[in-house]
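Novice: Please find one structure pasted underneath; my questions will follow.
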Ligand SMILES: *Cc1c(COP(=O)(O)O)cnc(C)c1O
């Protein structure tokens, strides 16, 4: 029947920019995955905070297959019903008046940064083009987004970078106060630094950032690619903080596994993306928008959002106890179902070892940098799956800790 493939084919045929694990998942259902050998895993990784409703959720399968029978793609000389329905839902549920669709988090941020500069230059002249971001932040892998991202390892080695980008320490309001000026077009913040170690902003910091942006007529951009669509316990993390941005980017959980990104903004700012200023062939694709609409319908209910907060407590109390018992973690932090176990001093730099041991024990976890084990499971994961996965994770921790 089908040709057999194996992990060795990756090393032979694919560009070597990744180092995937030695097993290949072939099927998923809810919060469980099975590999080629039929081994079962509890999935606490969720495709890196993407599979918001786990695998093969019936509502998403239905939305995708129904739309697949009708219309897959039209060009941007036309609009389509799923895109319009999704845009209206996002506008009704958030601060935003207008939405731009694309296919990924990086593209949503690329659009956000271009729009912020366009707005600033249109309204205040060419000098107002600077973007302030934070060290250790992550905003995607296009050249503009790695440049705004605060991790030089991702932007080094590609020649001259886009100009006018500076980085300041996260959660440090004094540093922003010193850096911001009337030349600042935008300040870009992840409400919780995801890749940078699952590090939440403090509420005082975000409130202060908002005030400084207002004083200097700079836009506040929240990158909610990882924190958005319920991940934080609210539909978007800005709602948890009570601090409203001018531009918000969303991707990952928005499509529940189908590629889609969105940039949300206000009426006044949106007007600076006039006809022809920006675009995307696939952005607003009917298949992606139909799936995302179903994701929003399921996630944005009081029951599901309250469930996320309860599951947060379930994870955190168990992980904290595990840390106390084994000495492996110095802190457990995060919001909603984006949780980081910060490795204690003797285990610093070994997050990958925990990931590998966890997979061996039958549970998939993530790392967020070398020092943090990250959990980003399905937002509707059953308590029994959480308990089973944490039992397996505890075995892995004991193994790494030599107990
Ligand atoms: C994952 C991520 C991105 C990049 O999204 P892609 O879909 O990989 O382009 C941008 N910002 C944040 C905060 C992310 O977590």
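Backbone N, Cα and C define each Cβ position, glycine as well.
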Novice: With 105, 106, 223, 224, 225, 226, 281 listed by TrEMBL as binding pyridoxal 5'-phosphate, identify the candidate in 138, 258, 315 belonging to that site.
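Specialist: My reading of TrEMBL gives 138 as the candidate in that site.
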Novice: Tell me the Cβ contacts of residue 281 (pyridoxal 5'-phosphate binding site) under 8 Å, same chain only and six or more apart in sequence, or just say none.
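Specialist: Listed in sequence order: 75, 76.
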Novice: What binding-site residues among 105, 106, 223, 280, 281 have a C-beta sitting less than 6 Å from any atom of ligand 1?
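Specialist: The ones that qualify, in sequence order, are 105, 106, 223.
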Novice: Calculate the distance in Å between the alpha carbons (Cα) of residue 224 (pyridoxal 5'-phosphate binding site) and residue 252 (N6-(pyridoxal phosphate)lysine), and round it to a whole number.
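Specialist: So the alpha carbons of residue 224 (pyridoxal 5'-phosphate binding site) and residue 252 (N6-(pyridoxal phosphate)lysine) sit roughly 9 Å from each other.
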Novice: Cα distance, residue 252 (N6-(pyridoxal phosphate)lysine) to residue 105 (pyridoxal 5'-phosphate binding site), nearest Å?
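Specialist: Cα-Cα distance, residue 105 (pyridoxal 5'-phosphate binding site) to residue 252 (N6-(pyridoxal phosphate)lysine): 7 Å.
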Novice: Go through the recorded positions 141, 252, 280 and tell me which ones have a CA within 10 A of the CA of residue 225 (pyridoxal 5'-phosphate binding site).
Specialist: 252
Novice: Quick check for the class: what is the C-alpha distance, in angstrom and rounded, between residue 141 (N(2)-acetyl-L-ornithine binding site) and residue 106 (pyridoxal 5'-phosphate binding site)?
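Specialist: Pair distance, Cα basis, whole Å: 6 Å.
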